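I have placed the structure first, in the form of structure tokens, so that the comments after it can refer back to it.
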Amino acid sequence: MPHQQILILFGLLPVATNISTWWNFGSMLLACSSMQVLTGFFLAVHYTANINLAFSSIMHITRDVPYGWMMQNLHAIGASMFFICIYTHIARGLYYGSYLNKKTWLSGTTLLIMLMATAFFGYVLPWGQMSFWAATVITNLLTAIPYLGTTMTTWLWGGFAINDPTLTRFFALHFILPFGIISLSSLHIMLLHEDGSSNPLGTNSDIDKIPFHPYHTYKDMLMLSLMILALLMTVAFFPDIFNDPENFSKANPLVTPQHIKPEWYFLFAYGILRSIPNKLGGALALVMSIMILLTAPFTHTSAIRSMTFRPIMQLMFWTLVATFAVITWAATKPVEPPFTTISQVASTMYFMFFITNPIMGWFENKIMKYN
């Protein structure tokens, strides 16, 4: 489609008439990204990247800085909202076959990896007890890499243990990565408008399109308003709902928490990591839990794009969603029976979705051919 940028500028971009609410999460992610950068800047102004002062500076922000408590809560809960939107966005892409826009899907998966890295670095910054130990456990996984692992870990830590240089590096990375995310988001949107958005039927949208503005802008604004309402209600009434009680204590390298775990949005990957009783195997499974998304465009074998008309794949998709929830829940529990077994079974089922997807596509093609 020629001159897409000019059409976007005047809000005249032709879009399929039948795209549903599931297509609104892209604009919601853009809003989340803007809010995170803005609140993050105001927090960075008052934050001190020093192991003796970091925890105190967070206390200072929430107690002494005007509306500092709001900035801190908006930033922390905004991150959770960001991940709710991105996981829904990915699920929609898997369900409706949006991954067949290869360049858009691959740039989006790269965005997810960058976002997860940024969120991880941000979780360490308050220098609470869980922040410190989560950083210790996750960064220590680098030592599982043959030959280079120990050197890479020492380089990342800035020494032989997590200390002041580690916090300084993590703050620098947490500050710089969002600019990379913004740049890549622009590329993601540009690539999307090169091919055009898919639709719930998985058909060619060219025959039935309407201008993006005002029709879809109003639809986007409705979902955006609901998201902001949910965010502000959580900030006002349940500000600590996603926080770990351990993180209200300053980091102490001499006391290990009973159960080390990251933020809720990493629990599915952490659950997959824990389910394998081998360091290198667990680290590989952790990486593969995200990287396997990159295989989706290349393993699609079905003649039908969307799962709207694929009942067997619908069953498998909702099994994947349930599996994701089960792994997240199991990862909050101690490493003991029956939780280890549940994690192992759920992790296997998670990967089985991506393995059986091309087989089911081939099977569906055979059924349609014989009918």
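We count from 1, first residue shown onward.
In case you wondered, yes, glycine gets a Cβ from its N, Cα and C as well.
Here is what Swiss-Prot says about this protein:
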type	residues	note
BINDING	His75, His174	heme b b562 binding site
BINDING	His89, His188	heme b b566 binding site
BINDING	His193	ubiquinone binding site
TRANSMEM	25-45	transmembrane segment
TRANSMEM	69-90	transmembrane segment
TRANSMEM	105-125	transmembrane segment
TRANSMEM	170-190	transmembrane segment
TRANSMEM	218-238	transmembrane segment
TRANSMEM	280-300	transmembrane segment
TRANSMEM	312-332	transmembrane segment
TRANSMEM	339-358	transmembrane segment
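Taking the features listed in Swiss-Prot, we show where each one sits on the structure.
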{"residue": "His75", "record": "heme b b562 binding site", "Cβ within 10 Å": "20"}
{"residue": "His89", "record": "heme b b566 binding site", "Cβ within 10 Å": "19"}
{"residue": "His174", "record": "heme b b562 binding site", "Cβ within 10 Å": "22"}
{"residue": "His188", "record": "heme b b566 binding site", "Cβ within 10 Å": "20"}
{"residue": "His193", "record": "ubiquinone binding site", "Cβ within 10 Å": "16"}
Item to check | seg_contact(the transmembrane segment (170-190), the transmembrane segment (105-125)) with at least 3 CB pairs under 8 angstroms, min sep 6 | outcome: yes
Checklist entry - Three-state secondary structure of His89 (heme b b566 binding site) from DSSP? => result helix
Checklist outcome for this item: argmin Cα dist to His75 (heme b b562 binding site) over the binding-site residues His89, His188, His193 returns His89
Next on the checklist: Below 8 Å between Cβ atoms, which of the listed ranges 69-90, 312-332, 339-358 makes the most pairs with the transmembrane segment (218-238)?
Outcome noted: 69-90
Next on the checklist: If I take the alpha carbons of His174 (heme b b562 binding site) and His188 (heme b b566 binding site), what is the distance between them in whole Å?
Outcome noted: 21
Checklist entry - In angstrom units, rounded to an integer, how far apart are the Cα atoms of His89 (heme b b566 binding site) and the residue listed as 'ubiquinone binding site'? => result 17
Next on the checklist: Using a cut-off of under 8 Å between C-beta atoms, tell me which stretch among 105-125, 280-300, 312-332, 339-358 contacts the transmembrane segment (69-90) the most.
Outcome noted: 105-125
Checklist entry - For the transmembrane segment (312-332), what are the same-chain contacts with Cβ under 8 Å, counting residues 6+ beyond its ends? => result 87, 91, 94-95, 261, 264, 267-268, 270-272, 274, 302, 339, 342-343, 346-347, 349-350, 353, 356-357, 360-361, 363-364
